[in-house]
Amino acid sequence: MTTALQRRESASLWQQFCEWVTSTDNRLYVGWFGVLMIPTLLTATICFIVAFIAAPPVDIDGIREPVAGSLMYGNNIISGAVVPSSNAIGLHFYPIWEAASLDEWLYNGGPYQLVVFHFLIGVFCYMGREWELSYRLGMRPWICVAYSAPVAAATAVFLIYPIGQGSFSDGMPLGISGTFNFMFVFQAEHNILMHPFHMLGVAGVFGGSLFSAMHGSLVTSSLVRETTETESQNYGYKFGQEEETYNIVAAHGYFGRLIFQYASFNNSRSLHFFLAAWPVVGIWFTSLGISTMAFNLNGFNFNQSVLDSQGRVINTWADVLNRANLGMEVMHERNAHNFPLDLAAGEATPVALTAPAING
């Protein structure tokens, strides 16, 4: 028997790099999307941390009244944020080299754009990397489809909404209380609670939580016993085992009798597709709602829609919500405008019908 040996030609440095990038044997898969994802997410993370700790106040409304968001300027973890870029900048691209100085860039909220743009590119690439790894492993592509829901939500609040409103100062602040402020102002200006797409999103998130808890509790309650009473049931499962670890027939029978027969899935694949699709579709709709309200296609207005026989208004919850909206609109950006737009747009109300007599 003769064995022929042939020396393998040494691969070029570029070829070695390509093989390393696309190798599924690495502990963490890099991928071509990862080549862009890693530097952008690192840049966004580092800038966010530095800005959250030490950024000076930002003139968010463009009226020379800076708002402090960093820890070194008196905030804590709850109240701190990376403040959105100034209304004086609007939708202009504002990298460091566009400012006259670093102080000007910080004063106008440049770090916000740097973080948001790099973050969005990073999460887009993360989604592409999920598809890429699935493709390399011969899997179906639904993981990246599910991830597209939070990606769409982030894109809506950080990019689409500011574009629709005409300024990145209207984007969501990068902090806890700043997020809540964004939600209140969004409700005041767009009545999002009365928008059908937001309602679908609420059903998706809360329904997804309910279905996840129901599924987890049913599976845990119908595990196939493989251990004794003194051992943890978790030891009854061996990674990669071929046998079912729970009795789907028992779970189906229990739930079918608890509700009714057709409320229970008898197919594990369709069940898990439903668990994935419900919250994803809901969040898609919410993202679409944010994107339409960005261009002021707002929630339903049922204010003063119920009248008695004399034409007097009978207040409904829509009217209560409208009062809350006006209150929130009065409070926010109190120095940027003299009067809330919703109140200023109505007919003028006379405050004095006749001039008072003086010394006469």
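Backbone N, Cα and C define each Cβ position, glycine as well.
Within the set 175-196, 197-218, the record from Swiss-Prot flags 197-218 under the feature transmembrane segment. Checking Swiss-Prot for transmembrane segment across the ranges 29-46, 47-64 points to 29-46. Taking the centre of the Cβ atoms of H215, S264, F265 as the quinone site, the nearby residues of that chain (Cβ within 8 Å, site residues left out) are M214, L218, A251, H252, F255, A263, L271. Note: H198 (chlorophyll a PD1 binding site) has non-local neighbours I192, T286, G289, G299, i.e. same-chain residues 6+ apart with C-beta under 8 A of its own C-beta.
The transmembrane segment (142-156) makes contact with the transmembrane segment (118-133): 3 or more of their CB pairs lie within 8 A, with pairs spaced 6 or more apart in sequence. Listed in sequence order, the residues of the same chain lying 6 or more apart from Y126 (pheophytin a binding site) and placing their CB within less than 8 Å of its CB are F33, M37, L41, Y147. Across 29-46, 197-218, 274-288, the stretch most heavily in contact with the transmembrane segment (118-133), judged by Cβ pairs under 8 Å, is 29-46. Counted over every protein chain shown, other Cβ atoms within 10 Å are most numerous around H190 among the recorded positions H190, H215, H332.
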